[in-house]
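These come from TrEMBL:
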BINDING   B:146, B:168, B:179, B:259, B:378, B:383  substrate binding site
ACT_SITE  B:179  active site, nucleophile
């Protein structure tokens, strides 16, 4: 049921012709209230797309009644004209719904540096408004897909309230063309001052720890809307836990569908002096092309793990670090450990456990391998 | 003539059986004086290989009489036993040459985390010492190749003196398995206090601006030896210029031979507030897998250039940045510029020119594309 699983939300997904394939490409999610609390996190890329610039302004009020999303064009690096296109889209949707443009967030995904065909987009937005339905969540999830092979949705139950969500993305967190767009909805009663930190906690533990190809998109957007339709007010802890479960479920779906990937790799760094050190060391592995190609080749090349960690400023002594791959401690004390022949990498799931022996903190970063299909897909994307 | 082009150097390259192919794998370069000034730069990776640990100690004295190098094994992450192997190699070579172990640097390249077969290596070192010749430079250059498709050598003439050099490496600067090893020789009279800053200037303008795959090796080593055999003392400026020319020549050979690459990409960032900003922005492009795959696919995807630069803290305003690819200004003011159809990417050489319009500094970073062959070569390396 996706974003329409909680009470008081309607959604739709339609084909507006932005995609040459004729697949659905415009989605609309509407909050029918009674509350309109909202929060969002956006890309930190310094070339934010027009819809990001617009939606940041909208979300500054911590209120939101609708989100219109399109695939088939990112509307990024399109200058003042592109911003005008986003503004016109929000105005048009607001007119359809009888609300103000400032109540409407916009999110876009697709090729950078190309203007959107506004006649098609606005006609699609009209059609989406007419198609809105309390069962429309799955259609909306399909309409935001780009290189995704499957739609990504989640439903997580609280006590008398629900969190629903949809996501698109096939790179991650740091995705580029494979922008990550996420809409989360809930019928719990959650004031904005609770919603904002809950969303930061949820994304910090999920999307921000998935690093498939290290590239940061111009369009990444995560929006949550809370309408209080259930009449139930969870504690901040309860709500944060369920929202985090929803975000984590979507993040793992993004990881499993990463462009061209053949492996899901969980890199856990333990024994760190701080969580920041653990994340730094994990990310260095997740972004090391030599390690990622080795794992694609089913090669438990632990030397590349050390070489990656060796580029960071995390606290450790080189002769203290252990590395286990799929349970085999192939490196002990920064040197040769158990035989690498014992490591079975034939499955999709790979775990790399690094013990820095420098403290008591730990963190996990998820990534994918660097495959022939990744290169093929990303070299052929815009041609 | 490689490292034996200057007077007073002998070299050799022999097959010791470290490589299963039977190709040459042990090289020796000897300085016959009269001077023995030397300088070096080493990897900053925090898991330095045993030969790096040893050679750092040796070069601490700014004097050197010989370098023994092997391919077929990196002797990295091999613990105290691996350090003992390096020490024993230096001792053995010193005995052969009638000098002290502290006069002998060691460099190794190959797979990380595997002990070297010392019986083969020491026998090879003996053979290399017996084969030393004033014509041995080319043999030495061949013996340090790993995934290199061609040996890399250079000869640069000063006024009455010469700089020679050899290199191996096929990733860079930041290479991992494709460790970069470089030996430079000169018969100029160059005291250590001139040699050290000259080498730093030469590497800073050459190897450190080549960033093929963003990975930093455990074994990278650049050594220069000056024996004064010509009797000519150049000024520091003259010597630095010729040494830089030699280093740049070798760096461009490394770039052209990068593993699986189909493009040589020069990313020039101008209009920067500082050289550091220009380098940061250029490196962000050089390490962006989505951009590198696009270029492999002959796709002038300037949006990926902006998305990469947008992740940095370089000074710029998003609506001021221009990007030209092979001479066509495809992005102007952070938005759509001239038609991308006008960009011809079919050749091997690609230039990306970014104007940040934030200052007067500039710098160029060289990199390669991310190709199917890169993934294939690096996934199959150790299997």
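A Cβ is built for glycine as well, from the same backbone N, Cα and C atoms used for every other residue.
Unlike curated entries, TrEMBL annotations are predicted automatically.
Locations of recorded TrEMBL features on the structure.
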residue : record                 : DSSP (3 states)
B:146   : substrate binding site : coil
B:168   : substrate binding site : strand
B:179   : substrate binding site : coil
B:259   : substrate binding site : coil
B:378   : substrate binding site : helix
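In this structure, of the binding-site residues B:146, B:179, B:378, the smallest number of CB atoms within 10 A of the CB marks B:146. Just so you know, the Cβ of residue B:168 (substrate binding site) picks up 29 other Cβ atoms within 10 Å once every protein chain is counted. Contact annotation for chain A: of the listed binding-site residues (B:146, B:179, B:378), B:378 place their CB atoms under 8 A from a CB atom of that chain. Residue B:259 (substrate binding site) counts 28 other C-beta atoms within 10 Å of its own C-beta, drawing on all protein chains shown.
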